[in-house]
Amino acid sequence: MNRVPGDVENAHSSSVESCPSLRDVHSINPAQLMARIESYEGREKKGISDVRRTFCLFVTFDLLFITLLWIIELNVKGGIETTLEKEVLQYDYSSSYFDIFLLAVFRFKVLILAYAMCRLRHWWAIAFTTAVTSAFLLAKVIISQLFSQGAFGYVLPIISFILAWIETWFLDFKVLPQEAEEENRFLIAQDASERAALLHPGVLSDGQFYSPPESVAGRSDEDSEEKQDSEKPVV
């Protein structure tokens, strides 16, 4: 019969331990809460979080790295001007790497527009670019003749494929969860500061602490008792 209170107590303690962030926030004094809220507001004024900026830098690195590999491939085949004219003006799907470069440009424009300019907080844009990249590269590897053109026939498609999926992983497992956690902490701190302001509306000044004046009636009673004692006859 004594198990039920123990189980209830254990469930209560586990529920209390499951919300450490809320308990810790409420244990902070109002000054620290206001400082934390101001820091969150300062991050919001910057317009973009640090982890999102890192993601945008990686997207830029994706474009620059694919561009560098494409330029190296142009030089290897016998000069930039001649090979550029052959791959761009005389484009051939089965032998040209120009479309892989355009695929990197496509990813860069869509992702920067969605997550840097529009500050999107959803995964549909990165899912769209990764799906298009994967389908295009798989089709190009199967249909084209890239493997017969040397090492670049392997390097460019594989690196483009890997970079696209790294961007997806980074956004889905780093950017979006971290921003949601920071926003949740900001809301908890703001709610705690509002409650603290209601419980402690202001700091009492020194003039509000005073001792009540000594009672005149009490003093008169003491004087009368002393007078009566003095007037009693001595036996």
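Numbering starts at 1 and runs along the chain as it is shown here.
Heads up, the Cβ atoms here are built off N, Cα and C, so glycines get one too.
All TrEMBL annotations are machine predictions without curation.
Averaged over the domain 'MENTAL' (48-219), the predicted model reaches a pLDDT of 85. According to TrEMBL, the feature domain 'MENTAL' maps to 48-219.
The annotation region 'Disordered' is assigned in TrEMBL to 1-21 (among others).
Per TrEMBL, the feature region 'Disordered' maps to 204-235 (among others).
Sequence annotations record features per position, and here TrEMBL assigns transmembrane segment to 55-76 (among others).
Within its own chain, the transmembrane segment (96-116) has Cβ neighbours under 8 Å at 48, 52, 55-56, 59-60, 62-63, 66-67, 70, 73, 86-88, 125-126, 128-129, 132-133, 136-137, 140, 146, 152, 156-157, 160, 164, 167, 171, 175, counting only residues six or more beyond its boundaries. Residues or ranges marked as transmembrane segment in TrEMBL: 96-116 (among others).
For 123-145 (among others), the entry in TrEMBL reads transmembrane segment. Residues 93-95, 99-100, 103, 106-107, 110-111, 114-115, 157, 160-161, 164-165, 167-168, 171-172, 176 of the same chain lie 6+ residues outside the transmembrane segment (123-145) yet bring a C-beta within less than 8 angstroms of a C-beta in it.
Distant neighbours of the transmembrane segment (151-171): 55, 58-59, 62, 65-66, 69-70, 72-73, 76, 97, 100, 103-104, 107, 111, 115, 123, 126-127, 129-130, 133-134, 137, 140-141; these residues of the same chain sit at least 6 beyond its ends, with a Cβ under 8 Å from one of its Cβ atoms. The transmembrane segment annotation in TrEMBL covers 151-171 (among others).
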